[in-house]
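Accompanying notes for the structure given below.
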Amino acid sequence: MDKQQDQQQEARPVLEGPDIARVLTRIAHEIVERAKGADDVVLLGIPTRGVFLARRLADKLEQITERKMPVGSLDITMYRDDLRMHPPRALARTEIPGDGIDGRLVVLVDDVLFSGRTIRAALDALNDIGRPRAVQLAVLVDRGHRELPIRADYVGKNLPTSLRETVKVQLAEEDGRDTVLLGAKPAAPGAHP
């Protein structure tokens, strides 16, 4: 058995498919309530899993409001503050809905909120694209450990973790199943348990 399989066995599910569907439905209702109808809402997912979550959220919002929700994606690769430390990833696509974001309520959608650095990069990228009326954040999981003063407006599950734990979101579109796994980080090479 390889290390990744061993790690998968140690991880325990904290959300499964029906739970994820339920929290997305709740978040959709919260968006409609807070936006007073969601007429000017634009959803932008942060690749990769944030894009899938944004599309699912758009479907839920369409069921509630009976109108098509603009949904797109926001690539933050070139806005990351760790480009010097890690090799660059492949660029994802930024897709802004036809009506743009100027004067609209943009809801950024991501899978896990951790340090806040991804969202800071997303705000920088958004600033280069246009001037929304307001920006809100929806996340499937908030695991804490913020390094920047950023908080989510809509949270599927607050999951306090230690820095020695990992949170892995798996979605059917990318991974073949819907689950959120909480596991232990692998020990550093040469470290003793």
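Every residue gets a Cβ built from N, Cα and C, even glycine.
In the three-state DSSP scheme, F114 (substrate binding site) is classed as coil. For 48-49, R89, R93, 110-118, R143, V167, the entry in Swiss-Prot reads substrate binding site, with the evidence type similarity to another entry.
The motif 'PRPP-binding' annotation in Swiss-Prot covers 106-118.
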- Does anything in the same chain, at least 6 positions from T48 (substrate binding site), have a Cβ under 8 Å from its Cβ, and if so what? A92, E174
- Return one of helix, strand or coil for V167 (substrate binding site), based on DSSP. strand
- On the 0 to 100 scale, where does the mean pLDDT of the motif 'PRPP-binding' (106-118) fall? 98
